[in-house]
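Chemist: Submitted below is the structure of interest, expressed as structure tokens.
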Amino acid sequence: MKVVFVIFFFFLFQFCISVDTIMRRQSLRDGEVILSAGKRFAFGFFSLGDSELRYVGIWYAQISQQTIVWVANRDHPINDTSGMVKFSNRGNLSVYASDNETELIWSTNVSDSMLEPTLVATLSDLGNLVLFDPVTGRSFWESFDHPTDTFLPFMRLGFTRKDGLDRSLTSWKSHGDPGSGDLILRMERRGFPQLILYKGVTPWWRMGSWTGHRWSGVPEMPIGYIFNNSFVNNEDEVSFTYGVTDASVITRTMVNETGTMHRFTWIARDKRWNDFWSVPKEQCDNYAHCGPNGYCDSPSSKTFECTCLPGFEPKFPRHWFLRDSSGGCTKKKRASICSEKDGFVKLKRMKIPDTSDASVDMNITLKECKQRCLKNCSCVAYASAYHESKRGAIGCLKWHGGMLDARTYLNSGQDFYIRVDKEELARWNRNGLSGKRRVLLILISLIAAVMLLTVILFCVVRERRKSNRHRSSSANFAPVPFDFDESFRFEQDKARNRELPLFDLNTIVAATNNFSSQNKLGAGGFGPVYKGVLQNRMEIAVKRLSRNSGQGMEEFKNEVKLISKLQHRNLVRILGCCVELEEKMLVYEYLPNKSLDYFIFHEEQRAELDWPKRMEIVRGIARGILYLHQDSRLRIIHRDLKASNILLDSEMIPKISDFGMARIFGGNQMEGCTSRVVGTFGYMAPEYAMEGQFSIKSDVYSFGVLMLEIITGKKNSAFHEESSNLVGHIWDLWENGEATEIIDNLMDQETYDEREVMKCIQIGLLCVQENASDRVDMSSVVIMLGHNATNLPNPKHPAFTSARRRGGENGACLKGQTGISVNDVTFSDIQGR
């Protein structure tokens, strides 16, 4: 019965035709291709450039730019288009120069005794060509075990200990010749495993040893989120692989014929490959750049990047003086060889030396490692084997001879301990103490200077206040009630913060034509905004606090200090401020296209915004918020994101403005609590509006509302349908599969892809979910907007579409009643903006 079953499947697979599979009796001729099941990869014949030579390989099927990831006959091209791919009589997948099968070009070369008569060749969606038996499911050969120059996700680099399989990358000869080049990236078999890029037989660049999360020579290698790195070192194999958690992300790593290694990601919007990271990129990356027992210190070097390790001196001082480091360093002549008083100097942020000759013990601690090194006179240095593992620093690496290819990094690397005698140890300790004394002396001097400057400023401000009482203003305006004690404290703050440029009141009056009504651009929550022109013809916008402004000195100082410290393409740029004669004013760059609400909430102007422009505005706002939340020196929560606070320059680039209510978070602080709720009805997250609780997810909520308003051209709080607001209406349509009905009908349908708009609506709904923990963060939003992501999570019920109970566990944040206006205005405790 078993024999009949095998024969049945044998004949079935001979005559079954599949787009991703070559059957035993089928052939693939030049001009024909097979596609993987998801049509991500193609396998067939190809040529490069204007060449007539034909190769058989694998490439991306959905990318317009030809990108080859694997070549079968890389060193044996076919001269014309008469080639053919088919199974040989003995069962190997083979490439022939012609259909008469007389000239064999390439073969999978599996032992005949292993092959089965039911073999097929299948191309997977990972880009892996697999020779396997569909009856037993056994795999006999796969292209992932024989890579060329490209390292794809879920491929493995390394070697197996039993059968000797070596998976390494070999560069092309040139851009137009995929033949085997000189550059080879392989896993070292000697010592502690590491990846080294060779040029011929000479080490060119060292990827380093595994740290527990990444390779020591690639500090920019990402950890987690989209990319997952994995390293295996056991009795069967030593290998490295990486995967992607988002199937829409297309990425590859390759060895270039020029001697560099690159990680590329595909940017579908721009139809191009983005260079995610590349190495080597500086002198310190070159293998053994500073010779034996030297290390490269490029980040802190002003003249020569090479330094001898502690206890060593240049082997050839004259060459070293002439910036020739090839001779490296040797042990200092007077240094004792082995003594009970030996110690270790710790070097921080190091790429540890080549581990080919290092000994390793993964079962001892770093403290035990130090003791063992001291007891062994041949031990010259030690370090943790995995310093970034989930269990912390584990394992012990020891060096017993010359140390090659060490360097420092600015914000990465690990601790490296060099053995020195007692004299050298005392010298390093003295240098460390003298450095601390210098820092202490500098701090004392700075404090004294600040105190002296404060006293001087106190005298200057007091004299200015006296003179101001007797001086009348040339401007005809109504002054705002103002606390002079606050003004004085602001003057003190100016002395401590040199990033606050100051404008003279007369300069502002002249620039705005005495605050002429013709120069008035509009009025915000804290007062009118005027256009001005300085004497150098520079156009400015002046925000002048009105008499009824709820913004006090703290909010005023907050906005000035925050914006002066922030620099980003999508944040409004402050030019300075003016605090004089009871006036408080902010001076900004002038943006001619006003604010976003002028465009999206007015039919005539909204018609000018096609889909590409709206998407660029959305992406710009997202990048600006991400900068505030994650990439700036300060973690900042804006708390008042809305359409009127998004300004547009002459090129319609969005700029986030109005930081009066922003809050600074500490590096590890995730959320805050306030008894004074400020913001704009319709844009505030529920936990903030009702409980006084705010976090970066509060801004995410506001962004989601703003994004949905941009897509629909409708205002959230002014939307009157059966649902309570625009968000609720969109949710109802989304639930019923009718969300396309809400797309702004003023947009030309030819300018947008309906699937992309639906994706953006889904992202907006992911931002406005009721529970803050369910909302995506801004880094995820930026990635979703930048990639053709298709597997987005399903949004949960948004906020403010049904009754929500106020208070709860964190309701104590609000100690007083919060006034809320149904109009689209910002509000505070008891008064509207």
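Numbers run from 1 along the shown chain.
Just so it is clear, glycine is given a Cβ too, placed from its N, Cα and C backbone atoms.
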Chemist: Which of C284, C306 is the other half of the disulfide bond that Swiss-Prot records for C290?
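Modeler: Among C284, C306, the cysteine that Swiss-Prot links to C290 by a disulfide bond is C306.
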Chemist: Could you identify, going by Swiss-Prot, the member of C296, C308 that forms a disulphide bond with C284?
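Modeler: Its disulfide partner, as Swiss-Prot records it, is C296.
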Chemist: In Swiss-Prot, C369 is disulphide-linked to which residue out of C338, C379, C396?
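Modeler: Looking through C338, C379, C396, the record in Swiss-Prot gives C396 as the partner of C369.
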Chemist: Going by what Swiss-Prot says, which of N363, N514 is noted as N-linked glycosylation site?
Modeler: N363
Chemist: Using the record from Swiss-Prot, pick out the residue from C338, C379 that is joined to C373 by a disulfide.
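Modeler: So the cysteine paired with C373 in Swiss-Prot is C379.
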Chemist: C329 has a disulfide partner in Swiss-Prot; which of C308, C377 is it?
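Modeler: Swiss-Prot says the disulfide from C329 goes to C308.
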Chemist: Quick one: among the recorded positions N100, N228, S564, which has the most Cβ atoms sitting within 10 Å of its own Cβ?
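Modeler: Max Cβ neighbours within 10 Å, all protein chains included: S564.
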Chemist: Non-local Cβ contacts of N376 (N-linked glycosylation site) (under 8 Å, 6 or more apart, same chain)?
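Modeler: Same-chain residues close to N376 (N-linked glycosylation site) (Cβ under 8 Å, separated by 6 or more) are K398, H400.
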Chemist: Could you list the residues of the same chain, at least six apart in sequence, whose Cβ is under 8 A from the Cβ of V529 (ATP binding site)?
Modeler: K520, L521, G522, A523, A541, V542, K543, R544
Chemist: How long is the line from the C-alpha of N228 (N-linked glycosylation site) to the C-alpha of S717 (phosphoserine), rounded to the nearest angstrom?
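Modeler: A Cα-Cα distance of 42 Å.
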Chemist: For C329 (disulfide bond), find which of the recorded positions N92, N256, C290, C369, G527, S657 come within 10 Å, Cα to Cα.
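Modeler: Correct set: C290.
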Chemist: Can you give me the same-chain residues 6 or more apart in sequence from C396 (disulfide bond) with a CB-CB distance under 8 Å?
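Modeler: When sequence neighbours closer than 6 are ignored, C396 (disulfide bond) has V360, D361, M362, I364, T365, L366, E368, C369, R372, Y382, S384, A385 within Cβ distance under 8 Å.
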Chemist: How big is the Cα-to-Cα gap, in Å, between C379 (disulfide bond) and C306 (disulfide bond)?
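Modeler: Cα-Cα, rounded: 23 Å.
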Chemist: For L521 (ATP binding site), name the DSSP secondary structure in the helix/strand/coil scheme.
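Modeler: L521 (ATP binding site) sits in a strand per DSSP.
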Chemist: Counting across all protein chains shown, how many other Cβ atoms sit within 10 Å of the Cβ of C296 (disulfide bond)?
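Modeler: Step by step: centre on the Cβ of C296 (disulfide bond), count other Cβ atoms within 10 Å, giving 24.
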Chemist: Nearest to C308 (disulfide bond) by Cα distance: which of the recorded positions N109, C373, S717 is it?
Modeler: C373
